[in-house]
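Features as listed in TrEMBL:
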- 162-366: domain 'ABC transmembrane type-1' (DOMAIN)
- 1-30: region 'Disordered' (REGION)
- 39-62: transmembrane segment (TRANSMEM)
- 68-94: transmembrane segment (TRANSMEM)
- 106-128: transmembrane segment (TRANSMEM)
- 169-188: transmembrane segment (TRANSMEM)
- 200-225: transmembrane segment (TRANSMEM)
- 231-247: transmembrane segment (TRANSMEM)
- 347-368: transmembrane segment (TRANSMEM)
Amino acid sequence: MTELSTVAAPPAPPAAHTPRPGRPAEDPDLGRRIRRRSVTLDGVCAVLGSLLASFGLVWLIYERILPLTGAVGFALVWYAVFLLFLGTVTAMLWGRRAVTDRIVAALMVTLGLIIVALILDQVGYVAFTGRHALFHWNFVTQTMAEVGPLDPFTHGGVWHAMVGSLEQMGIATALAVPLGILAALFLVEVGGPMAQAVRALIQAMTSLPEIVAGLFVYALVVLTLGLPKSGFAAAIALTIMMIPFVARSSEVMLRLVPRSLREASYALGASQWRTVWTVVLPTARSGLTTAVVLGMARAIGETAPLLLVDGLNNYMNADPFQHWQTSLPLYIFEFVRYPQDAERVRAFGAAAVLMALVLILFTLARVLGGKAPGELTRRQKRQMARDRALAAAARAAAEEGGDHGAA
């Protein structure tokens, strides 16, 4: 008997997708993963070649063809020709679709470099001008008590101004943070017609000039209540400047909390304010910390409101409720107006110290607020990993004990 062998027919190729009449065909690149931009050799050569070619052409026009002068005009024309060359080279290598992307990327990088250059110029100028004062350790450990304008930089410092600034910021933070966060909670969790009025008031306070805040505190605290000009009055003025900033920033952070977390808490029977206290605030803790630190960084350099409610004192005054208490902005404002070069150098040195404090605050804000609301930090992840390891070890020990008992 002859066996018949059958060979399976090859699978039919998939039918080509034919779009319906009147319906556009699907993009073949639809659904393809978009990869992040990477620096390639062709891209670097295109940028460098465009820079050199545009520089040579503009130099030839400026120096040999047209009677043009001026460094600013040369730079502007060079940049415009560079963008033209870059667009042409990009179109030749990657097609027209990449031209807009490359041109916009070049503009954004240029703007970023300009901003960084301006910041470095300001910081470098302040630090360079005040270098003679900053090079002496006594500048941050001594006061200006019994120091004259002709004394060398080895005498005197800004220690009393640093203490005044830190104490005033501490009082202002203690007053502004609860009020600002409570206002943000009212706007996010309560709402209603009253919330619109509160939001309008906060926005109006945000655009309030600093000198008006100082005038308000002077009229209320000094003239009406009869309190003297002091560090406490200055702290009240800083509080008025911090409250709207903290409130608006906290409102944004609280709105980032997922609504599903609130709904899960309500489903477990928790009240609204228990949900706020145990779910919303812990979830938005990093963002709220960022808002508070940024508010402190904004208020620590304010000078205008302090001119009306505080004064300059060359001695150490650690009591913010008695007499004048010098802060770093007041120190800078007073000393930079002196005719002696040494006093102006001390003013620039104090400005460098103030910038260092602001930089520290912004760094803290970056570190503490680096996670999104609800995202675990590295420390929390390590703690969870240790807890899992301990739980696994406990289960293994329990199973081993059960096996020995059964044996």
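We number each residue from 1, going along the chain as drawn.
Glycine is treated like the rest: Cβ placed from N, Cα and C.
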- Query: Under a Cβ pair cut-off of under 8 Å, which of the recorded stretches 68-94, 169-188, 231-247, 347-368 contacts the transmembrane segment (39-62) most often?
  - Reply: 68-94
- Query: At an 8 Å Cβ cut-off, counting only pairs 6 or more apart in sequence, do the transmembrane segment (169-188) and the transmembrane segment (68-94) clear the bar of 3 or more pairs?
  - Reply: no
- In the same chain, who gets a Cβ under 8 Å from the transmembrane segment (68-94) while lying at least 6 residues past its ends? 42, 46-47, 49-51, 53-55, 57-58, 61-62, 102-103, 106-107, 110
